[in-house]
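Lifted from Swiss-Prot, the feature list:
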- C573, C582: [4Fe-4S] cluster binding site (BINDING)
- H675: chlorophyll a' binding site (BINDING)
- M683, Y691: chlorophyll a binding site (BINDING)
- W692: phylloquinone binding site (BINDING)
- 70-93: transmembrane segment (TRANSMEM)
- 156-179: transmembrane segment (TRANSMEM)
- 195-219: transmembrane segment (TRANSMEM)
- 291-309: transmembrane segment (TRANSMEM)
- 346-369: transmembrane segment (TRANSMEM)
- 385-411: transmembrane segment (TRANSMEM)
- 433-455: transmembrane segment (TRANSMEM)
- 531-549: transmembrane segment (TRANSMEM)
- 589-610: transmembrane segment (TRANSMEM)
- 664-686: transmembrane segment (TRANSMEM)
- 724-744: transmembrane segment (TRANSMEM)
Amino acid sequence: MIIRPSEPEVKIAVDRDPVKTSFEEWARPGHFSRTIAKGPDTTTWIWNLHADAHDFDSHTGDLEEISRKVFSAHFGQLSIIFLWLSGMYFHGARFSNYEAWLSDPTHIGPSAQVVWPIVGQEILNGDVGGGFRGIQITSGFFQIWRASGITSELQLYCTAIGALIFASLMLFAGWFHYHKAAPKLAWFQDVESMLNHHLAGLLGLGSLSWAGHQIHVSLPINQFLDAGVDPKEIPLPHEFILNRDLLAQLYPSFAEGATPFFTLNWSKYAEFLSFRGGLDPITGGLWLSDIAHHHLAIAILFLIAGHMYRTNWGIGHGLKDILEAHKGPFTGQGHKGLYEILTTSWHAQLSLNLAMLGSTTIVVAHHMYSMPPYPYLATDYGTQLSLFTHHMWIGGFLIVGAAAHAAIFMVRDYDPTTRYNDLLDRVLRHRDAIISHLNWVCIFLGFHSFGLYIHNDTMSALGRPQDMFSDTAIQLQPIFAQWIQNIHAGAPGVTAPGATTSTSLTWGGGELVAVGGKVALLPIPLGTADFLVHHIHAFTIHVTVLILLKGVLFARSSRLIPDKANLGFRFPCDGPGRGGTCQVSAWDHVFLGLFWMYNSISVVIFHFSWKMQSDVWGTISDQGIVTHITGGNFAQSSITINGWLRDFLWAQASQVIQSYGSSLSAYGLFFLGAHFVWAFSLMFLFSGRGYWQELIESIVWAHNKLKVAPATQPRALSIIQGRAVGVTHYLLGGIATTWAFFLARIIAVG
């Protein structure tokens, strides 16, 4: 750490009134580009307009102007998020059975949408219990509202109005910080200040205020709810905040105020800042007092972290110094130059952030079921399945986005003349070794993982079960995974002496938790079936990485096309006369990577859905006998490809296929429609541009004959446009098909 004398001069961080506010440009589509602004000659114009509208790099080369546009757009994005949240809360306030659900969450399903009977579609309003008819929702909003201490639909209504006010504030901020007081480039590049404010402000004070809300509002209200008090009789949130005696009745140590804090007698607060571990047996969720404790601890860590970086007072860490000192014995210049890259290329910055956020989102997906954070979430199987699936898809898309922006950085922002022997340069210089090894790994994993299934299918077909890989014949137990499970299950009292239970019941060792006769969570057994499918996961993930990483490492040049950087991020081929150079652009790698990301995530969510129905979710009788939804058939059925097709896809599709005439029939229609959207994509992916151009010419001829030809000349989609439309419909169709299949199934049986 270097300590320099503080600099007294005042820095001016904004420009006043840099851009006049005017609506004239709104009337000129494509005002950001000279070519597009001329208006359409051919139908390609509308595609270029959409492709380039948000590509700020192509509007100007001025980094300050680009930064301001991105910054302003972020406020617009936040405004949309607040608007969306407001809509969710408004539905809860106006169209939901939230108050009824609150009084009996085990027998009443959450619903916040009632279909109007216009053409007879009121059939979709199923009976969710308690005499309420509506569409069952699986977003988890009811559970999070209960955890926050919301007890009435009026409170939801007020929150919805509050979110609308914030949405308009964000819109105003977006306009203000572009037209009235726009930050200078130096402000965007002041990473130490940004770190301090984001760490201490957003994460530190954000967590602290949430911890405060949980202690003063959520905990007491949930205490009353758990005890069966009618929500209408529970004091309102502000009463707990203003009247300490109310809290002291529930938590006696509240009467002592801040004295235990200053006398370091902190254990007095253990009533509401607990360290219990495990799940609350009443709600099947994590203990809310544990969650409050967690947020308080996190807040303190981030508040400290937000004071570590050097800004005005010449004390603290400088990011540039940290990065440049980061050298290993075998890494040449190490991270030298990374600081310059990350403060001048927003694509490089975004790429890192997307990779981190995508990975975090996938980690969240796995924690939502193994450590269910909200009351009555674990027994709402539809919501559990939806939350896992949703976070897996989002994580997958974010990680592909990370590769996309890394490649854009390589093409547009990377300057090879200034980079020598730093980590990035060294990776680029041995990219052939990286990609060829990765390729070998993919071939190995593909043949071996798939080979195990093919072996099992063959033995099963020949009637030789004793020669199959299974828990009852040739065992391939996942011993490393079981070892990790055992370490965690045995941690309390050994490696974590302060803990009373392990972090998650899924590790094993504990008793199952059931709420209202339904299983919330139990130790998850792993066997040969999991070993097989985990190697399919390894295979699909490595292929996705191979495609995406090859796109990044060969974005600027390759043996095939040494001057690739000059062709840009997306191009169809290296010009006429160079055969075999199509589909090599960085964009095409993102395109291909999306398909393999879709493969990867599909296998994960199928594995999760079947495993949970087979080994976790189910009912428990008065005698303590657990009956799982599919009766534990995962271990013996999922070890063949035929088993996946027969006992998972086909057997569990019966609910969506037979949904017509019931309240689930919308899922049946979606299942059909989404298959159609998916099939529609193949038309774009399997045919060439010339085919369509020929067809268009004869259609134009017919229009000319009838004198109804348009002034704008119709053109076939370019190769890139066709692939973009194709992959979009492929993913949209595939994801919506899966959604309909999952939800119809789990709402019917869960």
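Cβ atoms are placed via backbone N, Cα and C, with glycine included.
Mapped onto this structure are the features recorded in Swiss-Prot.
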residue: C573; record: [4Fe-4S] cluster binding site; Cβ contacts under 8 Å, 6 or more apart: T581, C582, Q583, I719
residue: H675; record: chlorophyll a' binding site; Cβ contacts under 8 Å, 6 or more apart: G733, T737
residue: M683; record: chlorophyll a binding site; Cβ contacts under 8 Å, 6 or more apart: G726
residue: Y691; record: chlorophyll a binding site; Cβ contacts under 8 Å, 6 or more apart: none
residue: W692; record: phylloquinone binding site; Cβ contacts under 8 Å, 6 or more apart: A716, L717
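Using the rule of three or more Cβ pairs under 8 Å, pairs at least 6 apart in sequence, the transmembrane segment (724-744) is not in contact with the transmembrane segment (195-219). According to DSSP, C582 ([4Fe-4S] cluster binding site) is assigned to coil rather than to any helix or strand.
For C582 ([4Fe-4S] cluster binding site), the number of other Cβ atoms no farther than 10 Å from its own Cβ, over all displayed protein chains, is 13. Residues 369, 385, 388-389, 392-393, 396-397, 399-400, 403-404, 407, 533, 536-537, 540-541, 543-544, 547-548, 550-552, 630, 634, 638, 644, 648, 652, 723-724, 727, 730-731, 734-735, 738, 742, 746 of the same chain sit 6 or more residues outside the transmembrane segment (589-610) yet have a Cβ under 8 Å from a Cβ within it.
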